[in-house]
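Structure record follows, encoded as C-alpha cells.
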Amino acid sequence: MTVESVARKDFRDALRSRWLIGLTLFFALLIGGSTALFYGVLLKGAGANSETLFGLTTAPGGLFSFSYAGMLGFVLALIALVTAHGSLIDERESGTIKLLLSLPNSRRDVVFGKLVGRTLVVLVSMLVGFVIAMFAMLFLGGQVMFASYAGQVALSGLLATSFVSIGIWLSATSTSQRQALFGTFGLYFIFAVLWSTVATGVPRVVNWAMDQLGLGTLSMTQVIEMRLFIKYLNPLRAYETLVAELYGPAVAARLFKASLGERLTIKGVFEESLPFYFNGWFILAILLAWIVVPPILGYLSFRKADL
Amino acid sequence: MAAIELNGVTKRFEDDDGVFETLQLSSTPSVTAVNDLSFSVAEGEVFGFLGPNGAGKSTTINMLLDFVRPTEGTIRVLGHDAQAESVAVRRRTGVLPEGYDVYDRLTGREHVEFAIQSKEADDDPDELLSRVGLDPEDAGRRAGGYSKGMTQRLALAMALAGSPDLLILDEPSSGLDPAGAREMREIVRAEAERGATVFFSSHVLGQVEAVCDRVGIMRNGELIAEDSIRGLRSRIGTDSVLRLDVDGNADLAAVRNVEGVSSVDADGERLAVSCTDDAKTSVIEAIEASGATVADFETDTASLEDIFIAYTEGGKTTEETEVSA
C-alpha cells in the first residue's frame with residue numbers, strides 16, 4: 001500500500017527476530033556502559049560534564065589518540081550496514097518479495113519502506129543507549145551539556161542513517177546475498193581503513209599528472225586542501241569533524257586528527273578565511289547526501305531488476 | 001474488455017548485470033523464455049495455462065505481475081499497462097505466485113491481515129483462513145513452521161483478500177494433497193461464479209479439465225494451442241479408441257471406410273479402431289456385416305492427458321495443428 005505499511009511490517013519483523021532487542025542491549029552497554037565507566041570510575045567525583053567524554057579527543061593522560069566520536073562512528077556504521085545489507089536481497093533470495101509485490105506495493109514503497117524500517121531499528125536502539133548514558137551521567141554527578149549532547153545524538157543519528165542508506169543501496173543492487181555481504185564488508189573497509197590512503201593518493205596522482213602535462217604542480221596548501229576535502233567526503237570523517245565542531249571552533253574541527261605538517265601549513269589559511277567547502281554546513285550537506293543519494297540509486301537499479 | 005491481453009511478448013534473459021557481475025568476464029548466453037506470445041483472456045473467464053515445466057508459464061505470469069519485464073511486446077491487465085501501472089493492476093488482482101516464501105516470523109493471520117491492509121479491504125481474516133481450510137490454531141502460529149500445503153493455503157487466502165476482479169494462480173495445486181486440490185478447484189469455481197476472472201497455470205491436466213472455460217498450452221516459450229477443452233479434443237480428431245475382440249475375419253477395409261474412423265489396427269482377432277463417438281455403432285455394424293462377430297468391446301475416451309501429451313511432446317497431431325491466437 002505505502003512506504004509506511006512496508007516499514008511497519010519490517011520493524012515488527014526486527015522486533016520478532018530479537019534483532020532490535022539485541023541492538024538495544026548492545027548500545028545500552030556500549031554508550032551507557034562506557035559513560036558509566038568513565039564518570040563512575042575514571043573521573044569519579046571530578047565534577048566533569050558531558051563534554052569531558054563525548055568531546056574527548058585523547059585518552060586521559062594523553063597516552064594515545066582516542067576520539068569518542070571516532071569510536072562510536074565505526075561501530076554505528078558497521079551496525080547500520082549489518083542491519084540494512086540484507087533488507088532487499090534476503091527477501092529476493094527467499095522469495096518473500098514475491099508475496100510483498102503480489103500485493104499493491106510498488107517497488108519504490110518496498111525500497112523506501114525498508115529504508116525507514118531499518119533506520120528506525122538502528123535509531124531506536126542507539127537512542128536508548130544515549131538516554132541511558134544521560135541518566136548515568138546525571139546519576140554519577142556529571143553535568144549534561146544539553147546543547148552539545150543533543151547535537152552529538154543528532155549527528156550520530158545522521159551517520160547511522162547514512163550507513164543504513166548505503167546498506168539499502170547495496171542490498172537493492174546486489175543479485176545475491178553473497179554479493180551484498182562482500183559489498184558491505186568491502187565498502188566498510190574502504191570507509192574505515194582505506195580512505196586516508198585515497199585522500200593522500202589522489203592529490204599525488206593529480207600532481208604527477210599535471211607535472212607530466214607541463215601544467216606545473218599544486219601548491220602545498222592546495223594539496224592539503226584537496227586531501228582534506230576528500231577526507232570529508234567520507235561520512236565517517238564528516239561525522240567526526242562535525243561532532244568536533246560541537247565542542248570547539250570550526251577550524252580546529254576541520255583540522256581534527258590532521259598531521260602536524262598539515263596543521264602548520266593550513267591553520268593560518270583557514271583562520272584567515274575558511275573556504276565554503278570546509279564550512280560546517282557544507283560538511284553536513286555531504287553527510288545528508290549520503291542519506292539521500294544511495295537509496296535513490298538503489299531504487300533505480302531495483303526498479304529495473306527481474307526478480 | 002479483455003482481463004489479460006498480451007501482444008507480441010518476448011522475454012529473453014540476458015546474463016546478470018549486477019554491479020559485481022559486470023566486473024566478471026564470464027558471460028552466459030541469453031535464454032529466450034517466452035517468444036512472441038499473443039493471447040487474451042476475457043473478463044469472467046476461467047483460463048487454464050498449461051505446459052510442461054520450463055515452457056515459459058511462470059515467466060509469462062511474472063510478466064503479468066511486473067516481477068520480470070518483457071524484452072519486447074506489450075501486456076495489459078484489467079485495462080492497465082502491466083509495467084507502468086502495475087500497482088493499479090495488483091490492487092484488483094489476487095496473486096498466488098510461484099517460487100515465493102512466507103515470512104517465517106509472522107503468523108498466518110498476520111499475513112492475511114497484511115494482505116487485507118495492503119489492499120485496503122475490509123475482509124475478516126478468520127473467514128478467509130477458514131475458507132482455504134487453515135484452522136484457527138494453525139493461523140495463530142508462525143508461518144515459518146508451516147508445511148508446503150499449509151503455506152499454499154495461506155498464500156491463497158492472501159490472494160482472495162479484497163474480492164479481486166482477477167485471480168492469477170501459478171501452479172495452485174502444488175504441495176496440496178488430492179483433497180486440498182479439490183478444495184482449490186471449488187474455490188476457483190466459486191470465485192468465477194462471483195464474477196472474477198481466473199488465470200491459472202498447471203502442468204497437471206486433471207486440475208484444469210474440470211474448471212476451465214478455455215486453456216492455452218505452452219511449449220518452449222510459445223503458445224501452441226488455445227481453445228476450449230472440447231475444441232482441443234475435436235482438434236486432435238480422435239475422441240475414442242474402440243477395442244474389439246472379433247470372431248472370424250472382419251473386413252478391415254470396410255471398417256476404415258466408415259465415416260468418422262481415422263485408423264484401424266489389427267492384432268490377430270483384436271481390433272483397435274480410432275473413431276469419433278458417433279461412429280462406434282457404425283463400426284460394429286460394419287464388422288458384423290462382413291461376417292465376423294464382435295465377442296466383446298470396450299471404449300477408451302481420449303483423456304485430456306493424451307491430448308496434452310500429444311501437444312507438448314510433439315506427436316504427429318501437433319505438427320498438423322495450427323496455432324490459433
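The chain as shown is numbered from 1 upward.
Cβ from N, Cα, C; glycine included.
Under the heading transmembrane segment, TrEMBL lists A:20-42 (among others).
Annotated transmembrane segment per TrEMBL: A:62-84 (among others), in sequence order. Counting only same-chain residues 6+ beyond the ends of the transmembrane segment (A:62-84), those with a CB under 8 A from a CB of the stretch are 19, 23, 26, 30-31, 34, 53-56, 114-115, 118, 121-122, 126, 152, 156, 159-168, 170-171, 184, 187-188, 191-192, 235-236, 239-240, 243-244, 256-257.
Residues or ranges marked as transmembrane segment in TrEMBL: A:115-140 (among others).
Beyond its flanks by at least six residues, the transmembrane segment (A:146-170) meets 50-51, 54-55, 69, 72-73, 76-85, 87-88, 111, 114-115, 118-119, 122-123, 126-127, 130, 134, 180, 183-184, 187, 235-236, 239, 242-243, 246-247, 284, 287-288, 290-295, 297-298 of its own chain at Cβ-Cβ distances under 8 Å. Per TrEMBL, transmembrane segment is recorded for A:146-170 (among others).
Residues or ranges marked as transmembrane segment in TrEMBL: A:182-202 (among others).
With a threshold of 8 Å between CB atoms, the same-chain residues lying at least 6 positions outside the transmembrane segment (A:281-302) that come near it are 88, 107-108, 110-112, 115, 155, 158-159, 161-162, 165-166, 168-173, 232-233, 235, 238-239, 241-242. Per TrEMBL, transmembrane segment is recorded for A:281-302 (among others).
Residues of the same chain lying 6 or more positions beyond the ends of the transmembrane segment (A:182-202) and with a Cβ under 8 Å from any Cβ of it are 74, 77-78, 81-82, 85, 166-167, 170, 173-174, 226-228, 230-231, 234-237.
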